[in-house]
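Lifted from Swiss-Prot, the feature list:
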BINDING   Thr289, 343-345, 360-368, 382-385  UDP-alpha-D-glucose binding site
Amino acid sequence: MSVSTHHHHVVLFPFMSKGHIIPLLQFGRLLLRHHRKEPTITVTVFTTPKNQPFISDFLSDTPEIKVISLPFPENITGIPPGVENTEKLPSMSLFVPFTRATKLLQPFFEETLKTLPKVSFMVSDGFLWWTSESAAKFNIPRFVSYGMNSYSAAVSISVFKHELFTEPESKSDTEPVTVPDFPWIKVKKCDFDHGTTEPEESGAALELSMDQIKSTTTSHGFLVNSFYELESAFVDYNNNSGDKPKSWCVGPLCLTDPPKQGSAKPAWIHWLDQKREEGRPVLYVAFGTQAEISNKQLMELAFGLEDSKVNFLWVTRKDVEEIIGEGFNDRIRESGMIVRDWVDQWEILSHESVKGFLSHCGWNSAQESICVGVPLLAWPMMAEQPLNAKMVVEEIKVGVRVETEDGSVKGFVTREELSGKIKELMEGETGKTARKNVKEYSKMAKAALVEGTGSSWKNLDMILKELCKSRDSNGASE
């Protein structure tokens with residue numbers, strides 16, 4: 001059923017990081033799918049020149065989505081020339097100045113908005129806080145997207161509302177504390193990313209966070225890449241506590257990707273096919289594009305994988321044998337494959353031989369694993385990943401947690417810990433329970449986006465009816 005007979009225009013502006021770009025592009029696909037019977041929506045994506053090739057390639061199946069590049073600012077202190085996304089930053093310590101620099105896009109963004117058809121609503125990343133100012137100038141309702149789930153948001157809100165960790169000396173970084181609004185959940189101070197340790201940089205990070213919070217509270221709502229059935233108590237908490245903008249679950253957005261066409265199989269798929277034929281389950285190992293793992297820790301991971309005797313496919317940008325020394329590749333030749341190229345993670349997780357995923361628990365990766373029914377071995381490293389891991393392991397029980405020696409998030413993980421937890425996930429009773437649970441959540445995930453009846457589909461319906469009708473009544477152009 002069509003929301004309106006008028007033609008509507010939606011603007012998407014993702015942050016310059018693949019983990020943030022992809023979900024918003026998938027949301028653009030979902031918008032068009034929602035209106036495929038009677039195309040009454042157009043979608044425009046804003047980005048910068050160095051990010052446009054990736055976006056255009058990702059959307060090659062969806063030429064209806066228009067992509068506009070804005071010139072990325074030059075001569076930013078500490079940022080190498082030509083760096084336009086966080087994956088290319090020499091260090092994540094440059095994240096705050098990089099994010100601050102995006103505000104220099106604002107005048108170009110607003111000049112371009114003047115030339116476009118009337119915008120029905122905008123979805124922009126929370127790190128692009130300044131887009132709320134642009135939205136207000138043009139009287140455009142703005143939704144904010146942070147790329148996190150409702151669980152992490154709700155727990156964070158409760159912790160900061162009750163000021164659990166405001167006094168530096170009040171709790172050690174690793175002392176468990178009960179979350180007042182969720183008494184079954186215990187968190188540690190180190191579960192919350194405090195930015196950097198340098199005072200000036202911490203101050204800059206705090207200032208950026210305050211700007212984000214201010215812009216978020218003036219937004220029309222949150223778009224959450226999740227589904228209600230996965231975390232209903234936390235969605236309800238977020239929508240019932242105070243005057244914050246309403247959050248809307250519209251995922252899992254990874255399920256909007258089109259089926260792969262018959263292109264040539266890469267070597268890693270041939271290897272997985274072989275393992276399937278041999279009846280050998282495979283552990284997929286990947287930590288995203290921004291995890292900073294020391295060579296010492298990488299060596300320990302390699303030895304832990306080797307000791308576990310489990311078959312594994314490990315995707316890493318580093319030359320493992322160069323770090324560990326000659327002989328490692330020969331020793332794991334039958335059981336392991338190391339890939340240093342870009343891979344299609346969804347295709348790997350969907351492969352019948354893959355029975356576990358050792359992950360940093362970035363939300364995109366965790367949710368993909370849930371959607372295909374693969375349990376997780378959670379090893380969080382930064383940002384809200386510790387909360388994602390807590391949700392995966394303790395709340396919905398679809399995974400096992402890797403523990404550091406000192407109990408902190410960024411502490412060292414031994415080969416014995418890794419080997420033991422790998423075997424527990426792949427062969428143990430906890431792994432069997434996680435595998436059973438994740439299969440059930442996988443079914444729920446697919447049901448959430450069923451046309452007409454899914455919870456996320458209905459949420460999108462409500463958003464479009466509310467915003468598009470209200471823009472019609474205010475004289476929005478067709």
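Note: Cβ is positioned from N, Cα and C throughout, glycine not excepted.
Sorted by the number of other CB atoms within 10 A, the binding-site residues Thr289, Gln345, Ser365 start with Thr289, the lowest. Cβ contacts within 10 Å of Gly362 (UDP-alpha-D-glucose binding site), excluding its own Cβ and spanning all protein chains shown: 25. The 10 Å shell around the Cβ of Glu384 (UDP-alpha-D-glucose binding site) contains 25 further Cβ atoms across the protein chains shown. A simple way to gauge crowding: the CB of Glu368 (UDP-alpha-D-glucose binding site) has 23 other CB atoms within 10 angstroms, across all the protein chains here.
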